[in-house]
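Below: the structure, in structure tokens.
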Amino acid sequence: MAPNLRKSHPLLKTINNSLIDLPTPSNISAWWNFGSLLGICLATQILTGLLLAAHYTADTTLAFSSVAHTCRNVQYGWLIRNLHANGASFFFICIYLHIGRGLYYGSYLYKETWNTGIILLLTLMATAFVGYVLPWGQMSFWGATVITNLFSAIPYIGQTLVEWAWGGFSVDNPTLTRFFTLHFLLPFMIAGLTLIHLTFLHESGSNNPLGIVANSDKIPFHPYYSTKDILGFILLLLPLTTLALFSPNLLGDPENFTPANPLVTPPHIKPEWYFLFAYAILRSIPNKLGGVLALAASVLILFLIPLLHKSKQRTMTFRPLSQLLFWTLVANLTILTWIGSQPVEHPFIIIGQLASLTYFTILLILFPLIGTLENKMLNH
């Protein structure tokens, strides 16, 4: 009998073991679709980004007009740009839902998979930030100025570090060219890290909504979950194309229709919606270094989540108190996102400070506390 090429070929068997014959729990829900959706987001962003890069010029005098030229004169350039800009938003929607799923179902107990995931999140955030600067509009320029300036809060080396990052004494041409370089490079780094992320995941196999070992009841990934993934792709690409075609500027900042001007500061400097929660935490501390540390902690705190798991059950499926706390955290992040978009004045200042405090309290104190309490309740 001739050997099955799919199972014997050195390259094909790797693909087979990852996407075709992969043993998968039979009860994973739609919340497990977001991994593959993130893959589709990455592929879409790399494809549209490559086409945009072919028409883009990374120079302060030409960047803005080169983007305008792409939208006006390049065949379907407007569509490529709109898909790329809004694709970033969908990338973040998917990654936040993916992380939320991981938190709710205790997937963070696969420590290596979780940690590589956080590194992926940080790389994605860096990519989105440098990409936002490229069209060289007002908010691009001032966003870059404000955020890079935060590094100057680092004691002793701060100012040197910022000037080194800028390539001068302010955000200027060298900054733009290096940001373009980074924006081109980082997505491929994300693709590489994704493979590491998947390698770690396939060491243990997928978690499932019950949080129990599912080895006794696993099914092949194809055709069951491959079909389910295709449905997910359709449900992702439909709203993306709808947004890109009907309301492409809905999530953008009107300031970016004005070319960058170092002499005029916009009245309200704010990042894209997906960074607003972190921006609100940064602004809630009236001290530069303190704010920067809180900003870093708001994302890096995810590294501590596996250490703070005190429950005897893995998932929150049968833990109503933890569920309540989880949805409180979601509401809290929504409040932070809203506060980040508001001006720094009463009552937004105090709301932001309280929401920031609540964010860290829930993650660092209340989750382990409630987990321990639920264990005690189970014993009685």
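Using the three backbone atoms N, Cα and C, a Cβ is placed for every residue, glycine included.
Annotation source Swiss-Prot lists transmembrane segment at 34-54 (among others).
Long-range contacts of the transmembrane segment (78-99) within its own chain (CB-CB distance under 8 A, at least 6 residues past either end) are made by residues 31, 34-35, 37-38, 41-42, 44-45, 48-49, 51-52, 67, 70-72, 117, 120-121, 124, 128, 131, 236, 239-241, 243-245, 248, 251-252, 272-274, 302. Annotation source Swiss-Prot lists transmembrane segment at 78-99 (among others), citing similarity to another entry.
H84 (heme b b562 binding site) falls within a helical segment according to DSSP. The Cβ of H84 (heme b b562 binding site) has Q45, T48, G49, L52 as same-chain neighbours under 8 Å, each 6 or more residues away in sequence. What Swiss-Prot lists as heme b b562 binding site is H84, H183, and the listing cites similarity to another entry.
Taking Cβ-Cβ distances under 8 Å and a sequence separation of 6 or more, the neighbours of H98 (heme b b566 binding site) in its chain are F34, G35, L38, G117. Sequence annotations record features per position, and here Swiss-Prot assigns heme b b566 binding site to H98, H197.
Marked as transmembrane segment by Swiss-Prot on the basis of similarity to another entry: 114-134 (among others).
Annotation source Swiss-Prot lists transmembrane segment at 179-199 (among others), citing similarity to another entry. If one looks beyond the transmembrane segment (179-199) by at least 6 residues along the same chain, the residues whose Cβ comes under 8 Å of a Cβ in the stretch are 18, 38-39, 42, 45-46, 49, 53, 56, 58, 113, 116-117, 119-120, 123-124, 126-127, 130-131, 133-134, 144.
DSSP assigns H202 (ubiquinone binding site) to a helix. Residue environment of H202 (ubiquinone binding site) contains 14 other Cβ atoms, counted within 10 Å of its Cβ in all protein chains. As annotated by Swiss-Prot, ubiquinone binding site applies to H202, with the evidence given as similarity to another entry.
Long-range neighbours of the transmembrane segment (227-247) within the same chain, counting only residues 6 or more positions beyond its ends whose Cβ lies under 8 Å from a Cβ of the stretch, are 30, 33, 36-37, 40-41, 44, 79, 82-83, 86-87, 89-90, 94. The transmembrane segment annotation in Swiss-Prot covers 227-247 (among others).
As annotated by Swiss-Prot, transmembrane segment applies to 289-309 (among others).
For 321-341 (among others), the entry in Swiss-Prot reads transmembrane segment.
Swiss-Prot lists 348-368 (among others) with the feature transmembrane segment. Within the chain carrying the transmembrane segment (348-368), a Cβ under 8 angstroms from the stretch's Cβ atoms is held by residues 280-281, 283-285, 294, 297-298, 301, 304-305, 308-310, 322, 325, 328-329, 332-333, 335-336, 339-340, 342, all 6 or more beyond its ends.
Long-range Cβ contacts of H197 (heme b b566 binding site) within its own chain (separation 6+, distance under 8 Å): T113, T116, G117, L120.
Neighbour density for H183 (heme b b562 binding site): within 10 A of its CB lie 22 other CB atoms from the protein chains shown. Proximity of distant same-chain residues to the transmembrane segment (114-134), defined by a Cβ-Cβ separation under 8 Å and at least 6 residues beyond the stretch ends, is recorded for 56, 58, 63, 67, 88, 91-92, 95, 98-99, 102, 107-108, 140-141, 143-144, 147, 175-176, 179-180, 182-183, 186-187, 189-190, 193-194, 196-197, 200, 271-272, 274-275, 299-300, 302-303, 305-306.
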